[in-house]
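Engineer: Starting off with a structure, shown below.
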Amino acid sequence: AMAVVSSQDSNQHAKEAVAQSQPNGTAAEDKEINENETPDGPDAAMWQGWHVSTLYCIGVLLMFPFAILFLLLCFKSDPAAVDTFNGGEELPTLQWRLVQMSFLTCLFLDFISWLWTVDCEKSRLLYFVVIINGLPSVTYGLLAFGYAPILLDAHGRRLVLIRYVQWLFTTPSMLYLYSIVSYISSRELVTAMILETVVIITGLVASLLPFPAFLPFLAVSFGAFYAVMATLHRMLTRAICQVSPDDDRYRRALAGARLFMTLTWVAIPCVWVLACAHAIPPLLEETLYQFFDFATKAGLSCMILHSSIQTHSARQAADLRAALLDARQRTIDALRDAAVAKERFFAAVSHELRTPLNGIIGLADGLIAGS
């Protein structure tokens with residue numbers, strides 16, 4: 001009975017310790033997670049986690065070839081953008097090939113890491129890594145071999161249409177990968193993914209329209225982008241707040257990831273604005289697009305698969321195990337103290353009762369002998 005009670009007390013102490021170690025906002029969020037869980041057991045949770053993300057990745061990998069095929073059949077390169085652009089400036093074919101090889105190398109390293117990982121939570125993320133590093137490999141390969149159409153936008157710049165198509169498929173997947181570092185509700189995640197799609201589409205429309213017709217679309221694009229960045233910043237800030245104050249190195253790692261994410265994501269629209277204002281030359285614009293496109297995607301895959309940064313569920317499981325061990329040790333110490341107190345009690349009681357009992361026994365023996 002004491003073993004059963006101590007086991008129940010350990011679990012209760014562990015839950016209380018985890019709740020006390022988290023901020024108020026995190027405890028409320030965990031309560032919301034528990035309320036949203038289905039009563040169908042772990043199979044239902046797996047269906048909501050593993051299978052939904054897997055189906056999403058399979059859908060993206062199936063739709064991307066059709067989108068690329070539609071683009072190649074419906075659009076042809078503009079000779080003004082290829083041959084006579086900026087006084088006969090050549091296309092950066094060599095740069096595109098180098099970027100393609102960089103993405104392929106990163107994808108290969110991620111695959112090797114996936115083969116040797118024992119973390120099931122990180123193992124299933126290979127599908128998203130294939131999307132964020134594999135699709136750009138295809139995109140820059142088509143650009144390097146001259147199959148992708150190059151157009152002129154309304155501002156006299158080269159418009160690499162296939163890059164926008166690639167962003168439509170890769171950036172929502174990147175948002176999902178960022179979401180596993182910290183808790184975020186499904187509604188917030190889906191809203192951020194939709195807003196990111198709005199950012200890309202309205203940005204493309206703003207490139208095709210002249211001044212001042214593109215200004216409303218540009219305003220919508222920047223407004224949606226601000227909402228997406230606010231969601232990303234809130235996710236990583238929430239992850240930092242969930243870390244124990246004693247683990248300062250892990251908090252700094254998450255803070256560095258947040259800074260890297262902010263700089264690389266904000267840089268791309270800044271390049272777009274500078275190029276639209278003709279503040280940077282076309283070759284520098286293309287080089288910056290390639291650099292930040294690779295930095296955002298390769299940096300994210302390295303942060304998730306190769307670094308010590310844990311997913312939200314893995315960190316919760318580690319906190320629960322630590323709390324269980326601590327509560328179990330406290331229960332063992334309490335039982336040991338109770339056993340020592342029991343021994344002291346019986347020793348004191350036996351000492352206090354020995355003298356009067358000996359007197360009573362002596363008087364009884366005398367009465368028996370006298371009778």
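The backbone N, Cα and C atoms fix where each Cβ goes, glycine too.
Remember, TrEMBL labels are computer predictions, not curated facts.
So TrEMBL says this about it:
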- 1-11: compositional bias 'Polar residues' (COMPBIAS)
- 341-367: domain 'Signal transduction histidine kinase dimerisation/phosphoacceptor' (DOMAIN)
- 1-40: region 'Disordered' (REGION)
- 55-75: transmembrane segment (TRANSMEM)
- 95-118: transmembrane segment (TRANSMEM)
- 125-152: transmembrane segment (TRANSMEM)
- 164-184: transmembrane segment (TRANSMEM)
- 189-208: transmembrane segment (TRANSMEM)
- 214-232: transmembrane segment (TRANSMEM)
- 253-275: transmembrane segment (TRANSMEM)
Engineer: Could you tell me the mean pLDDT the prediction assigns to the domain 'Signal transduction histidine kinase dimerisation/phosphoacceptor' (341-367)?
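Structural biologist: Its mean pLDDT is 77.
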Engineer: So which residues does the transmembrane segment (214-232) touch in its own chain, when a touch means Cβ under 8 Å and the partner is 6 or more beyond its ends?
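Structural biologist: Residues 154, 175, 178, 184, 188, 191-192, 195-196, 198-199, 202-203, 205-208, 261-262, 265-266, 269.
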Engineer: Give me the DSSP three-state residue breakdown of the domain 'Signal transduction histidine kinase dimerisation/phosphoacceptor' (341-367), ordered helix, strand, coil.
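Structural biologist: Once the DSSP states are binned, the domain 'Signal transduction histidine kinase dimerisation/phosphoacceptor' (341-367) shows 27 helix, 0 strand, 0 coil.
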